[in-house]
């Protein structure tokens, strides 16, 4: 009798994706983040679903409904803390996943990579509209500042901003539609993640060496199911202490005050995972220029595959490219720090230099390093 998992129409898909999938034998822990992102998404959808049962998307009651969840709902405090800190874990895994893709040349699977960039943008959008929902001071002013950037678009900007707001400013209509967006987007993310996997399984996984691994494959189960399970345990070992012992350490104290359109916080800033892009936005004195730089900081990932000029796929055997990659990492950490600082010297000039270096590294230095390494590979005698 033929095994059911190999013949049943639904089981067959699961089998080919997670059980009998041929995987390279040498993929390292850096390949764990895909499954960790899947776990993060499931945690976010489940906790968000239960939070949505008790949340009210009205300007008068949104803030108090969140307080009610934390005080009166059974384990409401845990749901909220897991959801808020789960977002931080989600972005941490996302950044490491993208970093792995850049370091090991995974971006050469162009369809998988481009869907991944769209996923990154969608997750960022979801996190932004979600941050507005508690209707604290930073929620309100963050929404005001970021949506106001739309008005920088020539001709249609103001109309577009008012269309998003549902009025002449961020108000009840804005909050209601942001809640609707925040509810629907995770399911769109889930669909995109399936497409992401679909394209990945067309080519198979890349590996640290960048060499075609077809001659040395092992089944996904039990080897990588066990490895992914270990990754999941480690993820929870970070998330649970964070959510249970220090749930507010990554948030802004300003958000403990209800939204007040008449009082501006001394320093408006987004959550830590947006600070690098926020620093790039602020580094350009012109409003439209800042918006374009903000978009370019993420969309630049789309052209990374076309800037790959090296004959080798990964950075594993390319010391110059490795050095530039770690400079880029340090630069992004610097931008994250700058994004959280007030707009004054020396932070302004540091932010401008770090922003310029970010674009130069990706557009100029990394492709040149690839060409230089190609030249170094040629025999000189």
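Yeah, the Cβs are placed from backbone N, Cα and C, and that goes for glycine too.
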Segment assigned the feature transmembrane segment in Swiss-Prot (from 205-225, 226-246): 226-246
Nearest recorded site to residue 97 (heme b b566 binding site) by CA-CA distance, among binding-site residues 83, 182, 201: 201
Stretch with greatest number of CB pairs under 8 Å, the transmembrane segment (178-198) reference, 113-133, 226-246, 288-308, 320-340 candidates: 113-133
Local Cβ density at residue 97 (heme b b566 binding site) - other Cβ atoms counted within 10 Å: 20
Candidate ranges 33-53, 113-133, 226-246, 288-308, 347-367 - greatest C-beta contact count to the transmembrane segment (77-98) (under 8 angstroms): 33-53
